[in-house]
Amino acid sequence: MERTFVMVKPDGVQRGVIGSIINRFEQKGFKLNAIKLMSIDHALAEEHYRDLRMKPFFGELVDYLTSGSVCAMIWEGPNAVANARALIGKTNPVEASPGTIRGDYAMDVASNIVHGSDSPESARREIGLFFDQELPMNPIMGFMQGEPSAETLH
Ligand code: GTP
Ligand code: MG
C-alpha cells in the first residue's frame, strides 16, 4: 500500500469542486487518510515546488498557490502515486485527456486545479511538509487528521 499527497489548488477550492475531485478518488478506489482546508504562505509554496525554482514561471506559480485556500489530502492505495497522476491527467489541460480531472475541469496550465506527487519520495516529503502528524494506515475508511479512527468510534 502506498500514499500520495494531493492538493486541490486555490482555483479548485474557489470553483467549489473539492467534492467532485474527492468523488473521483473514491470512485477509483483510493482511501482517504487525511484532509484539511488551509492557506499556505510563500515559504511553504516555495518549498513545496522547490524543484521548479529556476523556472521562469516560479513567481507566478507561488502567487497562484498562495492566492486562496487549498485542500490538502493524503490518499492511500496500491501504486497510489502513479494512479493519482493518471486520474489527474497531464500538466497542461490542453493535453490532458477528457476523463481526467485536468481534462475535465481546467483550461490553462497556470491554473490546473489539482496537484499530485510525482514519486513515492516526493509524496513522503510533501506529506511531511503539509501534515505534521503521521497517521496509521486505515484499511477500512479514511478519517480526518487528529480525529479518532473508525475503530475507536464503535
Ligand atoms: P503538480 O502536480 O502541480 O506538481 O503538476 P505537474 O507535476 O503535472 O507539473 P510540474 O510539477 O512540472 O509543475 C508544477 C506546476 O507548475 C503545474 O501544475 C502548474 O500549476 C505550474 N506550471 C507548469 N508549467 C507552467 C507554465 O508554463 N506557466 C505557469 N504559470 N505555471 C506552470
Ligand atoms: Mg509536479
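Placed from the backbone N, Cα and C atoms, the Cβ positions cover glycine too.
TrEMBL annotates LYS9, PHE57, ARG85, THR91, ASN112 as ATP-binding residues; of ARG15, ARG50, ARG102, ARG124, the candidate listed for that same site is ARG102. The secondary structure of HIS115 (active site, pros-phosphohistidine intermediate), as reduced to three states from DSSP, is extended strand. Residue environment of ARG85 (ATP binding site) contains 19 other Cβ atoms, counted within 10 Å of its Cβ in all protein chains. Proximity of the binding-site residues LYS9, ARG85, ARG102 to ligand 1, judged by a Cβ distance under 6 angstroms to any of its atoms, singles out none of them. The Cβ of THR91 has fewer other Cβ atoms within 10 Å than any other of the binding-site residues THR91, ASN112. For the pair formed by ARG102 (ATP binding site) and HIS115 (active site, pros-phosphohistidine intermediate), distance between Cα atoms is given as 10 Å, rounded to the nearest Å.
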